[in-house]
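Pulled from Swiss-Prot:
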type: BINDING; residues: Val21, Asp42, Lys47, Tyr73, Gly87, Ala88, Ala126, Thr127, Asn128, Ser151; note: NAD(+) binding site
type: BINDING; residues: Gln90, Arg96, Asn128, Pro129, Val130, Asp131, Asp156, Thr157, Ala158, Arg159, Thr237; note: substrate binding site
type: BINDING; residues: Arg161, His176; note: beta-D-fructose 1,6-bisphosphate binding site
type: ACT_SITE; residues: His183; note: active site, proton acceptor
type: MOD_RES; residues: Tyr228; note: phosphotyrosine
Amino acid sequence: MVRTPSKAKRDRVVVIGTGHVGSSYAFALMNQGVAKELVIIDIDQEKASGDVMDLNHGQAFAPSVTSIWHGNYEDCKEADVVCISAGANQKPGETRLDLLEKNVIIFKEVVDAVMASGFNGIFLVATNPVDLLTQATQVFSGLPKKRVIGSGTTLDTARLRFMLGEYFQISAKHVHAYVVGEHGDSALPLWSTATIGNVPLSQYLLRNRAYKKADLDDIFTNVRDAAYEIIHKKGATYYGIAMSLVRITKALLKNEHAVMTVSTFLNGEFGAKEVCIAVPAIVNRNGVREVLELKLNDIERQQFTESVQMLKGTYKTIMQTGHSF
């Protein structure tokens, strides 16, 4: 039986997994006053309890009061959003597929426990590989596809806009460009639809000869490899993705109908079906309201198709290992 969305507006967010990403997400949620209630769940209960104490001690400096506590899966019943940031870390010598196999098993246990509570809200997936784990979460939960969302390429898109803003010396808020596809090496920028203000990027380059089209490829290479560089320098990425997750959460709780490149299921859009992948989508309190199907040029369409095929191939491989994915 498919559950219908709850009409209650408790603005309760449950964070499952408070490693670097989960704890940074909780911290950013409180700092921005997005949620009224924040529940922390982690297999390491001492760590979760410590995070709650640390966060609560900063309540006097937050823009609004957030009720924060160390909870359990029963607290998911009244949650509007459950964010899963739990999972195994990739070890030296492990492949992406090795990591996926471990995290699928973890996610099955987590999602089953959440659903057993009577959860009736929206799943927000942060753990990598996020597109495939978002798909797994939907299968395990049985929730409507629009109510299971992954962080997708929201951070990649933010990185692209930041770097383009630096290059053109324009506020990143007025650079409109998307990164779509897998959150990973097969992601691609949509240069053909990018604009500076309301001016198409291609026209802006023609009007400003100081900027070179060839530089765009270097900029995207830096976007694509940013996570690797940050991991090399500090061991992990967590501030940027935490802020991306908060932005998605705000769109969900505040019913913003905001456009973001989240991981969601396609049903013919962009020529793809039965795959969870990052594309521009309208996000509101019910999850993904609509996928915005942009017109891609031939090169972009080919790259997007390759990204889809890569994800589907990995999906098939996991299916063959015996996981009910």
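Positions of Cβ are set from backbone N, Cα and C atoms, glycine also.
Features per Swiss-Prot, on structure.
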{"residue": "Val21", "record": "NAD(+) binding site", "Cβ within 10 Å": "26"}
{"residue": "Gln90", "record": "substrate binding site", "Cβ within 10 Å": "16"}
{"residue": "Ala126", "record": "NAD(+) binding site", "Cβ within 10 Å": "26"}
{"residue": "Val130", "record": "substrate binding site", "Cβ within 10 Å": "24"}
{"residue": "Ala158", "record": "substrate binding site", "Cβ within 10 Å": "20"}
{"residue": "Arg161", "record": "beta-D-fructose 1,6-bisphosphate binding site", "Cβ within 10 Å": "22"}
{"residue": "His176", "record": "beta-D-fructose 1,6-bisphosphate binding site", "Cβ within 10 Å": "17"}
{"residue": "His183", "record": "active site, proton acceptor", "Cβ within 10 Å": "28"}
{"residue": "Tyr228", "record": "phosphotyrosine", "Cβ within 10 Å": "11"}
{"residue": "Thr237", "record": "substrate binding site", "Cβ within 10 Å": "19"}
For Lys47 (NAD(+) binding site), the one of Ala158, Arg161, His176, Tyr228 that lies nearest, given that the recorded positions are compared by Cα: Tyr228
Greatest inter-residue Cα distance in Å for the NAD(+)-binding set Val21, Asp42, Lys47, Tyr73, Gly87, Ala88, Ala126, Thr127, Asn128, Ser151: 24
Number of Cβ atoms other than its own within 10 Å, given for Gly87 (NAD(+) binding site): 25
Cα proximity to Gln90 (substrate binding site), best match among recorded positions Val21, Asn128, Arg161, His176, Tyr228: Asn128
Distance [Cα-Cα, Å, rounded] between Ala158 (substrate binding site) and the residue listed as 'active site, proton acceptor': 13
Rounded inter-Cα distance in Å - Val130 (substrate binding site), His176 (beta-D-fructose 1,6-bisphosphate binding site): 23
